[in-house]
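Q: One structure follows; several queries about it will come next.
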Amino acid sequence: MAFSDKNFRQTIGRPQESNRLFPSVLPIIIAVLSILIPKVPVGHLFDVVPAPGLILIVIFFWSLVDPDRFSIYLIFFLGLLEDILTGTPLGMWSLILILLHYFVASQGTTLLTRGKITKWAVFSLFSLFSYLLAYFLIWQVHGSVPAFKVILVPFILTVICFIPFYRLFEMTENMISSSAARR
């Protein structure tokens, strides 16, 4: 028989080739969803739409775990998407996300050996810096001082969301890594 010479499973459908795309695209899908989902109107909290900066958590995590996963161009376009959807000055979130990526990638070996509380504290400090920078840039562009609660509520929600989303992204990375190791 001619079929006994070959292993059918390797030639029919080639599942190993089609399965390589999903693990590499999944973090990008997560990043885009982390921008879109908080923009869904759910109500007001202290006259502010509560929208945590989930994209900060995504960029922090993937820059820490695998800095090469997101290119600078992708981070730039994710920032532009955030700017367009929030109405902030174009390039503001791109600048913040690129700064976050470079900061975390440069400190990655140090942060990877630390616990989640240390990562949370570093993320909280950078998040505070990010929201204060956004506040200052919006103030300079629009010429009037925005209400401080506009950045305070999203900052607090972002810091609160860090640990559960960081853990979710860890589970996702473990799933991606284990599926890649099986091939």
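Cβ from N, Cα, C; glycine included.
Grabbed the feature section from TrEMBL, which reads as follows:
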TRANSMEM  20-38  transmembrane segment
TRANSMEM  45-64  transmembrane segment
TRANSMEM  84-105  transmembrane segment
TRANSMEM  117-138  transmembrane segment
TRANSMEM  150-169  transmembrane segment
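How about a rundown of where these features are and what they're close to?
A: Sequence-remote contacts of a segment are chain residues at least 6 beyond its ends whose Cβ falls under 8 Å from one of its Cβ atoms, and for the transmembrane segment (84-105) they are 35-36, 39, 51, 55-56, 59-60, 63-64, 67, 70, 72, 75-78, 111, 126, 130, 133-134, 137-138, 141.
Residues 53, 56-57, 60, 64, 88-89, 92-93, 95-96, 99-100, 103, 107, 111, 146, 148, 150-152, 154-155, 158-159, 162-163, 166 of the same chain lie 6 or more positions beyond the ends of the transmembrane segment (117-138) yet place their CB under 8 Å from a CB of it.
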